[in-house]
Every structure is written in structure tokens, then in C-alpha cells.
Amino acid sequence: MSWLLEPFGYYYMLNAMWVSALVGGVCAFLSCYLMLKGWSLIGDALSHSIVPGVAGAYMLGLPFALGAFLSGGPAAGSMLFLQQRSRLKEDAIIGLIFSSFFGIGLFMVSLNPTSVNIQTIILGNILAIAPEDIIQLAAIGFISMAILLLKWKDLMVTFFDEHHARSIGLNTRGLKLLFFTLLAACTVAALQTVGAFLVICPVVTPGATAWLLTDRFPRLLAIAVAIGSLTSFFGARLSYYLDGATGGIIVVAQTLLFLITFIFAPKHGLLASRRRAGEAAC
């Protein structure tokens, strides 16, 4: 039985597990709002938009979180600005921002490729996280979670019915800006866990899985956060035994859980839908 506790004997594994759980929980919290609004692809766009910031931070010897946030923040603001000020559709805006920022990032990497660890940007490396990065991720995670717990109702009203939110005196523009800021910050944190290419999973999959299990938003938040935290924690732990990429294992765990839920969910699952269709036909 000692092998079950073996990962807890290593400092780097303890850090990987609790940091992954924290980041996974916050990303899952945000994923519920993305599902509510139909903005799932925005998470993917942000994950690629922070590449130039991370590349610049590596080249200048700055904290990666600072560079990524300075890139992700303007990207999120640009998407919000274009949504409000232009006639472009949302998918066009996302594609424009995604390709522009990612192209800039690749150009920066090509200027001095030896100074940039491109594999860390793409795949993440939570097992080799530095102590200063742990402090950054913990600050991002705890502050973001605290803000979300304080503002979750206002954000829910804003995303569900913006006109009603304005009529009751909510600052919808400020709340949306707050949400995008938190999303950018948590995308930065998830970059260290699963890498730029897989960030879309922790900011979409937990919310999508919880969406199949309940119709009540408070319960949706609780289920999504539990899924995000637990799959990230046990995914990081499982990577020790499998000797595999931590980010990839976390994503596979979340995907498998989604597929199981999609098939067997008692109300919105595939089998339940077919059963109702058969009963209606009879």
C-alpha cells in the first residue's frame, strides 16, 4: 500500500497536485459562464493569444505570468471591444485575435529560439515549476476564486440576460471586463499546467460535463469546480505512476469523464434521450 502514498513523499509532486487542483477549480468555475454565454472558443483564443507574452517574458528573463497576462489582457480587451463596436460576428473576432497574437508569438520565438523553451509553452511543465511560479499561480488562483465567489450572481445575471442586468443597475461592461480579466489570468495559470494547446480543455470541459448533470446554475458551479479540481489533482498524481505528461493526463481524465457523463447522465445523457424518444414513440 505504500506505493499509493509514494507521490506525497516528493515536494515537486505535492506542488504539482495542489497547484493543478487550484487552477483546475478556478478554470472550471469560469467554464460555467462560457457555457452559459456560448463563448467556449474564447478560452481557446486566449490560450494562444498569450504566447507572445510568454515568449517575451522568457527572452527578457521576466516572470512568465507577467508576460502572459500583459498579452492575454489586451487580447481579451480587444475581443470585448470588437464585439461591442463592430458588426463582425463572434467567430470572426475570435479567429482574428487568435491568429494575430499567435502569429506575433511565433515571430518572437523565431527571432531568438534558443532563449525560449517552446515545449514548456506548448505542453506545460507543472512538475518542474519554480518556487516563484508557485507563488504567482497561488495568488492568481486564490484571488480569482475569491472574486468569483463574491460576484458569481452578478456575473450570472449579466451573462444570462444583459438587458435585465442593466435594468437593475448592474455595470454590465465592468462585469464583463472583470470576467475577461479573470479568464486571462486563469488562462495564464493553466498554461503552466497543461500548456497553450490544451488550455481549452480545463476552461470548457468541466462546465460542459456539469451542464449535462443539472439545470440549476449554483449546482452547476459546484459540480464543475469539483470536476475541475479532482481531475486535475488525480491527473497530476496519476502522471507519477504512468511517467507521462501531466497536462495530457489531466485532459484525458476530463475528457473521459465528459464522455461517460454524455452517455449515462440521468436526464441529459444519450441513453436517457433515447429512452425518452422511445417512450414518446410508443
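A Cβ is built for glycine as well, from the same backbone N, Cα and C atoms used for every other residue.
Keep in mind that TrEMBL annotations are predicted by a computer and have not been checked by a curator.
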Candidate ranges 146-165, 246-265 [criterion: TrEMBL lists as transmembrane segment]: 246-265
Residue numbers, six or more beyond the limits of the transmembrane segment (56-81), whose CB comes under 8 Å of its CB atoms: 42, 45-46, 49-50, 93-94, 97, 101, 105, 108, 111-112, 115-117, 132-133, 136-137, 140, 176-177, 180-181, 183-185, 187-189, 191-192
Outside the transmembrane segment (246-265), six or more residues from its ends: residues with CB under 8 Å to it: 16, 20, 24, 123-124, 126-127, 193-195, 198, 201-202, 205-206, 208-209, 212-213, 227-228, 231-232, 234-236, 238-239, 271-272
Leading contact stretch, 12-36, 93-114, 220-240 vs the transmembrane segment (173-190) - CB distance under 8 Å: 12-36
